[in-house]
Amino acid sequence: MVSVINTVDTSHEDMIHDAQMDYYGTRLATCSSDRSVKIFDVRNGGQILIADLRGHEGPVWQVAWAHPMYGNILASCSYDRKVIIWKEENSTWEKTYEYTGHDSSVNSVCWAPQDYGLILACGSSDGAISLLSYTGDGQWDVKKISNAHTIGCNAVSWAPAVIPGSLIEQPSSQKPNYVKRFASGGCDNLIKIWKEEDGQWKEEQKLEAHSDWVRDVAWAPSIGLPTSTIASCSQDGRVFIWMCDDASGNSWSPKLLHKFNDVVWHVSWSITANILAVSGGDNKVTLWKESVDGQWACISDVNKGQGAVSAITEGQQNEQ
């Protein structure tokens, strides 16, 4: 059974598009069509407004926390074509960098695993994906993948910095050779996997299963098991779980988690990667878990708007 443990009244004046907890689960960042980003202290069930960040000139679609080893850093992206990186210095949040290299709405931002340094991937409606890397002294290096998705990119998600199979293979003394990868989803109905080679980003895989815009992709966390997993959701109402068992990363197979009756906006993994949260146009969040036989079952049904929670039995699932 799932229960609602806290409700935060954000006082946003328009629709909230994203809400993200920080690494420690003590702060909540939210963003809205009212053009603002807000940060709340949510310790012990409280909700104290720490910051109300104004800098965007359009709806703010997404926020992302950097790893705390780099300090308290938050990225936001907006319809105004801008990405803003905010940093807390001496208990005050300030804009530390503004990226204006896209020609259209920036829809998604995602920080790379901390092992790679401070790197932010940004997906835009102009079809391009930008990678912003912090080089020190307040400077950011920009790489751009033009025409990553025709008509537009809606989502980006990094692969974990864990080599598949490393948990069960013999450890070697040399430092592992990490290959940077991330997934993107676009208006071309495709999920693409990108890999860095010699400092350049190359398209490694194209995953086809959706019949409409891909709204979100989420690469699952890993402890080093041989299988890599990605969740995707779409305007077509479907959620797929993509699995890759070979170390080369060439062979991905999709499994339909569920077909919903409305657009599915977001998918998000639990930190242990055994539960997937799905939110959609029906104003519900559902939680899904893989059973021993490899089937995905709904273990909860949280009605977002009402804060009501009900468990779904096997029989009810088919009606969803």
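Keep in mind that glycine also has a Cβ here, set from the backbone N, Cα and C atoms.
According to TrEMBL, the feature repeat 'WD' maps to 9-50 (among others). Per-residue pLDDT, averaged across the repeat 'WD' (9-50), gives 94.
The repeat 'WD' annotation in TrEMBL covers 53-96 (among others).
Taken from TrEMBL, the feature repeat 'WD' applies to 207-242 (among others).
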Using DSSP, tally how many residues of the repeat 'WD' (53-96) sit in helix, strand and coil.
3 helix, 26 strand, 15 coil
